[in-house]
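Participant: One structure, pasted below without further comment.
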Amino acid sequence: MDVIFGRNKEEHPEPIKAEVKGELPSWLQGILLRNGPGMHTVGETQYNHWFDGLALMHSFTFKNGEVYYRSKYLRSDTYNCNIEANRIVVSEFGTMAYPDPCKNLFAKAFCYLSHTIPEFTDNCLINIMKTGEDYYATSETNFIRKINPHTLETLEKADYNKYVAVNLATSHPHYDSAGNVLNMGTSIVDKGKTKYVIFKIPSSVPEKEKKKSYLKHLEVLCSIPSQSLLHPSYYHSFGVTENYIIFVEQPFKLDILKLATAYFRGVNWASCLSFHKEDKTWIHLIDKKTKKDISTKIYTDAMVLFHHVNAYEEDGHVVVDVISYSDNSLYQTFYLKNLNEDLEENTKLTSIPACKRFVVPLGFDKDAEVGTNLVKLPSTTATALKEKDGSIYCQPETLCEGIELPRINYDYNGKKYRYIYATEVRWSPVPTKIAKVDVLTKKKLIWEEEHCWPAEPVFVPSPDLKEEDDGLILSSIVTSDPRKAPFLLILDAKTFTEIARATVDVDLHLDLHGIFIPEKDLNAEHE
């Protein structure tokens, strides 16, 4: 497994023509742009965790039935500092970097002091975000890096903190029908006033300001105080419906005091995260019109979640679908010491992911008896019980087990939908299959091939879409057999049959997330 996880990947900044088997539809024109860790060793130093690796972007460009591949490391400040020093000098979440032992005492002391309030990395390795006409590589810190989607060139660095007081932000923003970006972040700037901030970045700005950042027009929509001021919840994504923003405040928490002293204590920031299994998970519904959390307290049992699937409103209820775990073992499995030839032994999850459906009633009878199930939807077994203090205790319906990295037809985001596209995993966190799950019938279609590890499947809608699953699934496939070339897989989303594959003679890296950019959304001047 060293071939996949341990070795640094080469970049390929010039386009490489892929060998296409099968026939691509003529309408498939654009760029599949992906992001993930690609370099884990700098000089004689190595990151501890797979999620810490330096960001390597790669793309598959579809043009007139042909496919071109390219890859390039994000030239972040973090990348440049590390390469110049020929060692890891910038801390990541699972790896704390320390001053050069050759530095004098004054320089060391200054370095230690500067970590009291952590200056987070700009190694934006998780996702790609569209903002107006611009594209950014993103992670979970306050920094994002603008990129050229054609050439993968790194452009200017942007800091959310200049426009909104957040230290952390999600890599999974939402886009409304007008193209505005909705995102949220955690503010730990004001001591004792820790809160979650939801903000909007507009899709358009006045013509005279087009050359400037869209972030300058960022608008704070609302904020929610943390249940625990010194222990805010970790979250990787959130949900939206037509009228609500859904935030799940889980008992997987960040200890701010430990975070501030991690550098002195010689531990990484990941050690400041802990799961409190005895605590509740709070479900917040923020009304988009009033910009306030609804007054009813809604909770469920302790769980850990990274990815929301979708959410929608139906007959006076809000339906929330998420991928959840009963503990936080997923993060632990990705320490590089576990990702070796004994991978299957070392990386057994103690909780497999499950797609859970929570249903929250909106206009329920306030005089209902304690213990009454307030869910009136006949299509689900999820319950919401009225508690003595007026709060609501939600118990989910399990839609399916063993899927992660969920995607949908984004035209159905925030609306009633039917299909989830995801990778399938079991007790090991490494995906070996791609799944299409019908949330109505609970039936599942599978694509798999020996020695193949698929990436997050991306749905691309057909231009003459009539049904939700009219389109294609794109997934880059890493192969665990060095004799088998990696490839981009193109499936018919309806039947889940392969229609084409584009094979590339390069060492593909496992990525995390990304987007498909249709040709119409690509700015020709960047090409």
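Yeah, the Cβs are placed from backbone N, Cα and C, and that goes for glycine too.
Positions annotated as Fe cation binding site by TrEMBL: His172, His236, His307, His513.
Quick one: where do these features end up spatially?
Facilitator: Proximity of His513 (Fe cation binding site) to non-local residues of its own chain (separation of 6 or more, Cβ distance below 8 Å) is seen for Arg34, Asn35, Gly36, Ile126, Asn127, Ile128, Ser171, His172, Leu405, Glu456, given in sequence order.
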Participant: Just to confirm: which same-chain residues, 6+ apart in sequence, have a Cβ under 8 Å from the Cβ of His307 (Fe cation binding site)?
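Facilitator: Listed in sequence order: His172, His236, Ser237, Val322, Ile323, Glu404, Leu405, Pro406.
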Participant: For the recorded Fe cation site formed by His172, His236, His307, His513, which further same-chain residues have Cβ atoms within 8 Å of the site's Cβ center?
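Facilitator: Near the Fe cation site, beyond His172, His236, His307, His513, sit Ile126, Asn127, Thr170, Ser171, Ser237, Phe306, His308.
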Participant: Given the binding-site residues His172, His236, which one's Cβ is surrounded by the fewest other Cβ atoms within 10 Å?
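Facilitator: His236, out of the binding-site residues His172, His236, has the fewest neighbouring Cβ atoms within 10 Å.
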